[in-house]
Amino acid sequence: MFFHITLERNMQLQPRHFGPHLRDKLVAKLMKDVEGTCSGRHGFVVAITNVEDIGKGLIREGTGFVTFPVKYQCVVFRPFKGEILEAVVTMVNKMGFFAEAGPVQIFVSNHLIPDDMEFQSGDMPNYTTSDGSSSSRIQLPMEHPAGHQDGVPSHMLG
């Protein structure tokens, strides 16, 4: 599921970046450091949508670096146990298949694949239904691996 949330982060900037484009440098560094990362509490940060506030900088003694508190809004992706996600199949083998739903990689064991589907080996391995159909796009209910109920793992089981 996607959420639009407000987060805060302390950003360090070198003195060489001080000047008329200080805000632009801070925003660029924030995007580079935060977008595409994952935290167990909030999920995967998809994109920063707005920088609400950049506080007064605090000079770090001995280094000249300045730490700025930055408050920003972002879109995060956090899958929940039992949530249905649309995923794209990326690899198929006799043990099951791998699929991706955004930044999450999912493995579905052949034990969880319906009985009416059969593994077909060859140049393009796949699981085919009794009527001969197969698809690279699927919908999967998600299950967190043991020990990851509170966090957001980058790998899940379908």
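Just so it is clear, glycine is given a Cβ too, placed from its N, Cα and C backbone atoms.
Automated prediction, rather than curation, is the source of TrEMBL annotations.
Summed and averaged per residue, pLDDT over the domain 'RNA polymerase Rpb7-like N-terminal' (8-64) gives 94. The domain 'RNA polymerase Rpb7-like N-terminal' annotation in TrEMBL covers 8-64.
In terms of DSSP helix, strand and coil, the domain 'S1 motif' (79-123) has 3 helix, 26 strand, 16 coil. The domain 'S1 motif' annotation in TrEMBL covers 79-123.
Annotation source TrEMBL lists region 'Disordered' at 119-158.
Per TrEMBL, the feature compositional bias 'Polar residues' maps to 126-138.
In the domain 'RNA polymerase Rpb7-like N-terminal' (8-64), the DSSP tally of helix, strand and coil residues is 16 helix, 22 strand, 19 coil.
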